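Reviewing the structure listed below.
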Amino acid sequence: MDHVEETEILAATQRYYVERPIFSHPVLQERLHKKDKISESIGDKLKQAFTCTPKKIRNIIYMFLPITKWLPAYRFKEYVLGDIVSGISTGVLQLPQGLAFAMLAAVPPVFGLYSSFYPVIMYCFFGTSRHISIGPFAVISLMIGGVAVRLVPDDIVIPGGVNATNSTEARDALRVKVAMSVTLLTGIIQFCLGVCRFGFVAIYLTEPLVRGFTTAAAVHVFTSMLKYLFGVKTKRYSGIFSVVYSTVAVLQNVKNLNVCSLGVGLMVFGLLLGGKEFNERFKEKLPAPIPLEFFAVVMGTGISAGFSLHESYNVDVVGTLPLGLLPPANPDTSLFHLVYVDAIAIAIVGFSVTISMAKTLANKHGYQVDGNQELIALGLCNSTGSLFQTFAISCSLSRSLVQEGTGGKTQLAGCLASLMILLVILATGFLFESLPQAVLSAIVIVNLKGMFMQFSDLPFFWRTSKIELTIWLTTFVSSLFLGLDYGLITAVIIALMTVIYRTQSPSYIVLGQLPDTDVYIDIDAYEEVKEVPGIKIFQINAPIYYANSDLYSSALKRKTGVNPAFILGARRKAMKKYAKEVGNANMANATVVKVDAEVDAEDGTKPEEEEDEIKYPPIVTKSTLPEELQRFMPPGDNVHTIILDFTQVNFMDSVGVKTLAGIVKEYGDVGIYVYLAGCSAQVVSDLTQNQFFENPALLDLLFHSIHDAVLGSQVREALAEQEATAAPPQEDSEPNATPEA
């Protein structure tokens, strides 16, 4: 078989032929039989919901306490090695990040270690993701620090006359109290949202919004770390324009920078950048990523202790890391009214980051995570952790990738990482007291690389979606200059406004037919597509509701070029010309079709109807004009059917239905039929509930598809033409007579 024959056979087999009736809605319903649905009473539903069975109890336990499901099924020989390696790798990264992120949270470094221990243990019991690493996260830590600095600024005067500049410990103790209160309220909010099954709130934080927000947060973190890198003493700012004030403060004091501190920081910065590039390039050959941050901490501590950098060169170091765990303490709930806005923002951002990474890794490894249970888990981690003086936590992106990439299989990997932190807290913490803060600053800045790379989103969104570009930019700018809390609120409002804008200003398309097919596509996009004679097909890609119904009606008339008011006015003028030529003065007052209101002869407009009155359209028949009158009619007055493609309309409200009824009636007044094609069951239900089909004959306007509507229109016109040809001439009939519907 040669290539030509094969091509011909292939072309023949890639066709389909269908012979079926034209499916209007009534015809289709006659062919279908709805399935009987058993509707349960409210009493039956309540009885079923509160029925207690062993299986239901077991499922509830599995849902609320996931460890009871995955731990008994733990494959020891298959999982244990990967979890151990992953736990150690994550733990050595969690140590320096915990110390560094405590600086962002404006609390002593040891509290970063507490926050790397307690919440991780809690998540092991209640979390559903096997691979994410829970603990301090730069963005959340910065948001906590913003609240702490706002309520306890650097120059605060402690009650009793002790100035904060002379009592750093007293100031830090107050900031810890603020951080505990914010963390407790954040946990309560997350837990309540999870119990109420509000896990869907994350969908309102779109990807452009989250990426713009985290990029702005990265700039905030970067500016916050500059003073530690340069070794200068500056006031820490929070709130509106804090990033500007922080940058200006560092630049004003740059002449006082500590050269030794900057040198150590830059050395670690270069080591980490080069090492991370090495890890990325040879990740396929390395059994596990090199723990660069841990080596940087060890090296920085060794150099600082060996050369007495703090005593000899005034390099700021971590300072005292008290051994042992602190006893539980009650957070100060009296601060809730001062921090509730921040707590809401932290709760939502923390959950959004966590569920995003959890779903990404779950999809990669073929399991599911429960968004509502993740909210509950985060809520318990934060609320319980606050009792042990931790600050709010979330999922760390960098540590999660390490935990997954080094072979972690279950939540036990995170548990092992937290045990390494516990070892530091109980026994070895004093070894890191000489660690320069510049080293921690360099670690934080290097880990911001991934967030700064998100600036590359801008050209991508410029090419793909200007609306998503707008969301990204407005989120970034508002979060950068208004602060992360108010910036997030502004961003969510802007994102919701874009949803309204998209539905209020959808795309309107006039469709044409690909010749000899049942395919209908945009007539302006392809040369081969042609309009069906006498038929206009109009498509909208959004629901029709109160926000866009008037725009839909206007767009229909504008895009199709068929405006009933103009047609009526033009026909009036044609009648006048015709009457003048035949010398029949009475013809000037004749009407072309039956209408429900007087129409102005000049512009074809109607007087306003009563606002609350919904007049649903009658079934109209097109009038027959005298043949002599046709030459006076305006060009293009030959459209007999408008087909509204509703395949992309997913719902209609009462205002939309009223507008549609007005459209059908308005076109019907000039003898033009309006058909609805491709209505979903929901749209048909909306039309029915709003009494659009009060006249049952209007069901004949509904067709299963565009092609059904086109064929139905052509059959109707052909039958009308046959009847007009077969009907005997009526010499006594008046030219303005209108056939009865």
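Glycine is no exception: its Cβ is also placed from the backbone N, Cα and C atoms.
The feature compositional bias 'Low complexity' is assigned by Swiss-Prot to 721-730. Per Swiss-Prot, the feature domain 'STAS' maps to 525-713. Annotation source Swiss-Prot lists N-linked glycosylation site at Asn163, Asn166, citing sequence analysis. For 244-248, the entry in Swiss-Prot reads intramembrane segment, with the evidence type experimental evidence. If you look up Swiss-Prot, you'll see 505-718 marked as region 'Extended region for STAS domain', on the strength of similarity to another entry. Annotation source Swiss-Prot lists region 'Disordered' at 718-741. Residues annotated as topological domain 'Cytoplasmic' in Swiss-Prot: 1-79, 126-137, 362-370, 407-410, 460-467, 499-741 (among others). Taken from Swiss-Prot, the feature topological domain 'Extracellular' covers 106-109, 148-178, 231-243, 249-261, 304-338, 430-436 (among others).
Outside the topological domain 'Cytoplasmic' (126-137) by six or more residues, the chain places 64-67, 70, 90, 94, 97-98, 101-102, 105, 112, 115-116, 119-120, 350, 353-354, 357-358, 361-362, 365, 367-370, 373-374, 376-377, 380-381, 391, 393-397, 399-400, 402-404, 408-411, 413-414, 417 with a CB less than 8 A from a CB of the stretch. The average pLDDT the prediction assigns to the topological domain 'Extracellular' (106-109) is 92. Sequence-distant neighbours of the topological domain 'Extracellular' (106-109) (same chain, 6+ residues past either end, Cβ-Cβ under 8 Å): 98-99, 144-145, 148-149, 172, 175-176, 179, 236, 318-319, 321, 391, 440.
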